[in-house]
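Engineer: What follows is a structure written as C-alpha cells; I'll ask about it next.
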Amino acid sequence: MSAGALNSAGAVMHSTRLRTNEVAVALPEEGDASLFFVGKIRTPWKSRSDTPRQGSELGPLCTLEISEPWAVALKGVEAYSRLEILYWLHESPRDIVLLSPADDGEIHGAFSLRAPVRPNPIGTSIVKVERVSGNSIVVRGLDCLDGTPLLDIKPDRSLSKPLAPVRKSFSIPAA
C-alpha cells in the first residue's frame, strides 16, 4: 500500500482503494498531543510489503539512531537485555477505522488489531539489545520501515515487574 499526501494534522490521507467493507473517517484538523521524535530507526526494509508482520529476536540487526539532545538519555540503557521500542508508523493511513486485514470482507475495528493502520499509528516492539555504541543501539526484533521515526525507548517491563497471574475464571456479579 503506498502512502498518500499528509493533511494539515500530519495524517496520511488514504490514497488506495478501500477493501471490501472497510470504512474510513474524516480526520480532525488539530490534535491535542505533541510528540518529539527522539531519533530514527534503521532497518533493511524499504517497503511495507517487505516488512515482516512481527519482529523476531532472531531477525536482522537494526539500529536505533538517537538524535541530540536526547542521546544523553541513553545513560544506563546498556544494563538491559531487552527494550520496548515505540515508533511512529509514518506511512500508515490514519483514517481507516474498520479493516479487512486478509482482504476477505471480514471486518475488524482498528482497536482490535495490531495492524499499523490506526488513528494514532504508534508501533511497539520488544527488542533484544545486541550493543550500545555512542548515540546508537543495535537491536534485533523490529518490524518497521527504514527511516521510521523513533518515539521512545523503555526497559522491557516484563524484566522488572512480575506478570499478573492468569485468572482461572471471570464472572460478573449479579445485580
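Using N, Cα and C of the backbone, Cβ positions are placed for all residues, glycine too.
Pulled from Swiss-Prot, these are the listed features:
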DOMAIN    35-165  domain 'TsaA-like'
BINDING   Pro52, Arg53, Gln54, His90, Glu91, Arg114, Thr124, Leu145, Asp146, Gly147, Thr148  S-adenosyl-L-methionine binding site
Engineer: Looking only at Gln54, Thr124, which of these binding-site residues has the biggest number of Cβ atoms within 10 Å around its Cβ?
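Structural biologist: In terms of Cβ crowding, the pick is Thr124.
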Engineer: Name the residue among the binding-site residues Glu91, Asp146 whose Cβ has the smallest number of other Cβ atoms within 10 Å.
Structural biologist: Asp146
Engineer: Rank the binding-site residues Pro52, Thr148 by the number of other Cβ atoms within 10 Å of each Cβ and report the first-ranked residue.
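Structural biologist: Sorting the candidates by Cβ neighbours within 10 Å, the top entry is Thr148.
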Engineer: Summarise the model confidence on the domain 'TsaA-like' (35-165) as a single mean pLDDT, whole number.
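Structural biologist: Average per-residue pLDDT within the domain 'TsaA-like' (35-165): 91.
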Engineer: Of the residues in the domain 'TsaA-like' (35-165), how many are helix, strand and coil by DSSP?
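Structural biologist: Summed by class, the stretch gives 14 helix, 48 strand, 69 coil.
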